[in-house]
Each structure stands twice: as structure tokens, then as C-alpha cells.
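Per Swiss-Prot, domain 'GST N-terminal' is recorded for 5-85. According to Swiss-Prot, the feature glutathione binding site maps to SER15, PRO16, SER42, LYS43, LYS56, VAL57, GLU69, SER70. Among the features that Swiss-Prot reports, domain 'GST C-terminal' is placed at 92-219.
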Amino acid sequence: MGEKEEVKLLGVWYSPYAIRPKIALRLKSVDYDYVEENLFGSKSELLLKSNPVHKKVPVLLHNNKPIVESLNIVEYIDETWNSSAPSILPSHPYDRALARFWSDFVDNKWFPALRMAAITKSEDAKAKAMEEVEEGLLQLEDAFVSISKGKPFFGGEAIGFMDICFGSFVVLLKAREKFKAEKLLDESKTPSLCKWADRFLSDETVKNVAPEIEKVAEFLQELEVRAQSAASRS
């Protein structure tokens, strides 16, 4: 693409959303500078300037032009460095539509239920949210079997758009298993998805950018302690 370009990624180390562009950039062999934002402190001027609407990570800066929202960033990376490595999005329009549909399902239906189960104080609300989480995993199991057609990933032989989207939450699920003794990916219910998750975490691209499961589990415990402390003061 001619002269050397400036690529910078603003993120938070544990964020599933920040993992997504990291994977995409590595798949495309793009060199970039990473800037870690302070989760509990003041947001940087660069972040506030780059994403004034939502004021959150991740943000990709490409030659000082900001691109926001994690999956939007992944698509941008795929289209901008389209001569580097295979396409992240499927080549066929129908397959692209499926990948976007299931990615939207993960972000706007499945993960909100998981988040609700984690933060609600109501046992009834937690039970209802966990039902939605488990039902969603069954639906994703069926989607994987249908879309992968016996291949290792949603994207076929290699990690693709939907793998990046849902895979970004696998570390969080594994961390919850350690922190809460809560096994959501169950071999007896979602066998194909469980094998896919192991393959995803074992992929060299993912291993190089994903946070350590133990470290995330410790961080989740720290967050719970903070929440309990705040609740006791209110």
C-alpha cells in the first residue's frame, strides 16, 4: 500500500471487544502500536478525541483516522488490507449475511444475557438470564454445525468473522469456569462448539493476542470485590 502507514489500536487488556481487532490485525500481518487505556482512571485525551460519541475502546487509528466499534474495525481491516492473507469475511454474499447475522446475535442477544446473569442481584432475573445464555449456546451449536460444514471453524479451514466475534468471549467463558465453577460450554450439550472453542484458543494467532485465562479470572474476582464494596457503602 505504498509508503509506511501509521496504525494504532486503543484497547483494554481483558476486553473481548479489543481482542477482535488484535486477531484481525495479526491475521493480516499488520504492524501496529497498541495503547492500553486505564479502565478505572480517567480516559485519555486520545480516546475522547477519537471516539467522542461512545468514549470507549476499541478504537483503530489508521493514519490518524479513527474507526470505532469492534466488528466495524474488523471489517475495515479486512477490506483495507485485502491483499494480505485470506479474507476474514466470507466471499459469498449469503455467507457474509449469515456471519453478520450470527455476530449480531452474539453481541446483541447472547452476551447481554450473560452480562445480566453476572450483575443482577435478583435470583429470578439471574435464572432467566442463564436460561437465555444456555439457549443461545444451543443455537450457536446448531449454527456452527450448519455453517462450518465439518470444517474446523465458522470460517471454514481458517478463522473468520464469526470466529473472531464469538471467539473473543471464549476466554471470558473459561475464566468464569475457574472463578464461578460455572461450566457454560458443556460437552454433553454443545460438543461441536466445545471442540471449536479449544481449537480457537489453540490457534497461534489467538494465543499471541488473547489474555491469560487465569489473569482474567483474577480480574473478574477483583471486579466482584469492588462491586460488593461499593454496594456496602451505598
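Heads up, residue numbers simply count up from 1 along the chain you see.
Positions of Cβ are set from backbone N, Cα and C atoms, glycine also.
DSSP assigns SER70 (glutathione binding site) to a helix. In the structure shown, the C-beta of SER70 has more C-beta neighbours within 10 angstroms than that of any other entry among the binding-site residues SER15, SER42, SER70.
Counted with DSSP, the domain 'GST N-terminal' (5-85) comes out as 29 helix, 17 strand, 35 coil. Largest CA to CA distance in the glutathione binding set (SER15, PRO16, SER42, LYS43, LYS56, VAL57, GLU69, SER70): 21 Å, whole number. For LYS43 (glutathione binding site), the same-chain residues lying six or more positions away in sequence with a CB closer than 8 A to its CB are GLU37, LYS55. With a cut-off of 8 Å between CB atoms and residues at least 6 apart in sequence, the same chain places HIS54 near GLU69 (glutathione binding site), listed in sequence order.
Note on LYS56 (glutathione binding site): other Cβ atoms within 10 Å of its Cβ, all shown chains, come to 16. The Cβ neighbour count for VAL57 (glutathione binding site), using a 10 Å radius and every protein chain shown, is 24. Annotation for PRO16 (glutathione binding site): spatial neighbours SER168, PHE169, VAL171, LEU172, criterion Cβ-Cβ under 8 Å with sequence separation of six or more.
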